[in-house]
Amino acid sequence: MPKYALVINEDKPMAVTTGEEILQRLEASGAAVLLHPAAAGRLGRPDLAAPEGPAWGEVDMLIVLGGDGTLIRAVQRVAPYGVPVLGINTGHLGFLTAMESGDALAELDRVLAGSYLLEERMMLEATVVRDGLALATMPALNDAVISKGPRARMVHLEVSVGETVVARYRADGVIVATPTGSTAYSLSAGGPVVEPTVDCLLVTPICPHTMSARSIVVGADVALAIRVAASPGEVGLSADGSDPFPLLPGDVVRVGRAPYTARLVRLPGYRFYDVLRQKLSGT
């Protein structure tokens, strides 16, 4: 018996309505369904509630209704287990989702029949090291961001690849993005768009103090480290928009490829550059 997990953005009425329809369709097909506890409450099905944990790693597919933010958070839960994720857009941009909510039921039937592709997307991990000790490791699909607090002035950051210092930034912060994240915050900060199949990481300063500061593209498997050289105030590390982990002067953030990937469900005919044109230019 196939088993699916369903996550919805409960704040979006369209996600709730479409979620109810998809749940009915899945159960009618004979599949077992797990619901995130919040979704179970919103859909009135507490009998299907399953807290995040090992059970989520045993499903055949995770179906997500919401925008890119909802999908990214869901990916973080199941990527270590290799679970495919199907995103259905009920938000605004929906750059990472596979289909729009209005097409969901018809397209879902194709997916349930096995007519889909799996796209592997690189993820990264950022580890905070203080006095030689690893304090925290944060996974991300889009990016890891070191940034100053709301009342702090510029932070001084030193970027190294291996034993070589490649950049020193006086800026509001720095973004380390995957190719997937190249169309997110990094793009807004002036970074390039990178095709998802390229094996690399992008280092982009945020509002640097000098015009000569530019993005750097490095290999995905290099030893990339960012040291907080000095900070006159608060500075923190966030991953995919998470709450920041506080950093101190002298802390080092080591960023590299995660030992797992995000597995995104795609419909036949998916092309990255078609999506890029449609989502970013509206044509």
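Backbone N, Cα and C define each Cβ position, glycine as well.
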Same-site residue for NAD(+) (record: Swiss-Prot; known: D68, G69, R73, N142, D143, R170, D172, T183, A184, Y185, S186, L187, S188; options: R130, R153):
R153
How far is it from D143 (NAD(+) binding site) to D68 (active site, proton acceptor), counting Cα to Cα, in Å?
13
Find the longest CA to CA distance in the recorded NAD(+)-binding set D68, G69, R73, N142, D143, R153, R170, D172, T183, A184, Y185, S186, L187, S188; express it in Å as a whole number.
31
